[in-house]
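Written below as structure tokens is the structure these notes are about.
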Amino acid sequence: MRLITRWIPLANALASTMPVQVVASIENPSLLPTPPMGFNNWARFMCDLNETLFVETTDAMASNGLLEAGYNRINLDDCWMNYDRAENGSLEWNVTKFPRGLPWLGQYVKSKGFNFGIYEDSGNLTCGGYPGSEGYEEIDAETFAAWGIDYLKLDGCNVYPKEGRTLQEEYKYLYGNWHEILSKMQQPLIFSESAPAYFSMTDNLTDWHTVMDWVPEYGELARHSVDILVYSGEGSAWDSIMTNYKFNTLVARYQRPGYYNDPDFLIADHPGLSLDEKRSQFALWASFSAPLIISAHIPDLSSEDLEYLTNQALIAVDQDPLAQQATLASRDGSLDVLTRNLADGSRLVTILNHGSESIETDISLDILGLSTDCTYKAQDLWGGSTQTIKDAIRIKLNTHATAVYKIDTDEKCSQVIPTGLIFNTASGKCLTGTSSSVGSESCNGSKSQIWQIDASGVIRTLSEQSKCLTADGKAISLQECSENNGQKWSYAITGNLKNADTGYCLTNGGGVSACGFETNSQVFGLPAGVHVAL
């Protein structure tokens, strides 16, 4: 088809021909101060998309409470375009699928109160075999601006190294180029990057870590790992959710206002999920302050699905201006306990039963970084009820269910010390301190694996709080706290935990060694609230 649209000259679509300072999104979080919420067709419909689907989805979201709850983005995924570009090099929509065109659809979506997003690929072809953006980045940016697009998901299929670059360097070049182009636009697009996902399933995670290092500099969110299971896919939908959940726990250090880790879509109508499992995905994503992008047949969502998807207390957690990602306070074979701070000074605790049996147990407040000498008010964010707690929270959970509590603190008990697991992200093993010895073991939920890190970088285990993690040469141990440099540690965006005295980095299996570059054995996850050196 011929392109029927109002063209905006590139000089107008971009800010100007004058030099423009390109700033990282994390330096200008006002572009996306909280994670995006909305709809994308891919996990539910894949390439079976058309104008009718998006009109009906828009109408349903405007009337069923989703728009009012904050889901204000309508995003197209792959397969919306023709297999060939126009003679002038521009992309064209498939006129059979979108007879009135994407500019018309964008206007319709916006007339209902939504923003409009689109999909492209950084390589020479999209994952579905349609034209990629490589070599056409500026004309595609111009096209999207003309169509009223304000959100771009840029995939990473069909990328091949050129000019002596490694594959990781090629991705950085392509996504960096898009970042420059988008940053110069009068109205910069929200930029969703899929680059990390293409490095997430290798045994050596150095390239994955490296890509994760640079994506916050270029965009507002990044798909860090494998796709969530699609509606027609084979396998367990719950296992797929758990895979993406676990990947998200590995990258908390990167998240901050203006940049969000993306564990992929909410698959709210997947037939393989129980209601508890659907609610768990939503609660975990909200606790992460992750994007809440629903991929489902919106007009047919049940009242039960709409009820949890519009839970205002959990949406408020997701949209909290701190954007702090919940991290692991404790983990064993059945329970994960996650914590984070909220902007109003309260503490969030999220408890996931990933085991196969129902569980009833107490969650001690000290593993959440709170004092056991204080009394707190804890609000159940599912039901809204409030209870007074001291020492612990009593919870009862069905298999694959998740509880979420907001714990209010008063002035006398407002201090929160970052507390939780220190774990190697490649092996999943937890740093464990017993008596004077320190090593790496399977996570078992014991207090010998739960650490507190104070503002000076001193680290102590909850099981023996008078003893601190100490480096001496290449050995580590628990020694009486004395505030010497061998007991002071710094945490970097690369995941390295570096000792101030030796200059060595914590290494999986026990001990410290010369700091490597993004090596599997030296990348660790730490509790939310620990200072991260950029």
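Cβ atoms are placed via backbone N, Cα and C, with glycine included.
The model shown is predicted, which means the values in this text are computed figures rather than measured ones.
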Based on what Swiss-Prot records, which one of Cys413, Cys443 is disulphide-bonded to Cys430?
Cys443
According to Swiss-Prot, which residue among Cys47, Cys127 is joined to Cys79 by a disulfide bond?
Cys47
Could you give the mean pLDDT over the domain 'Ricin B-type lectin' (413-534), rounded to a whole number?
97
Give me the long-range Cβ neighbours of Cys79 (disulfide bond): same chain, 6+ apart, Cβ under 8 Å, in sequence order.
Met46, Cys47, Leu49, Asn94, Thr126, Gly128, Tyr130
Any idea what the Cα distance is from Cys157 (disulfide bond) over to Cys481 (disulfide bond), rounded to a whole Å?
51
Could you tell me which three-state DSSP class Asp213 (active site, proton donor) falls into?
helix
Under 8 Å between C-beta atoms and at least six apart in sequence, can you list the same-chain neighbours of Asn444 (N-linked glycosylation site), or say none if there are none?
Asp332, Gly333, Cys430
Cys127 (disulfide bond) to Asp213 (active site, proton donor) - Cα separation in whole Å:
24
What does the DSSP secondary structure composition of the domain 'Ricin B-type lectin' (413-534) look like, as residue counts for helix, strand and coil?
10 helix, 52 strand, 60 coil
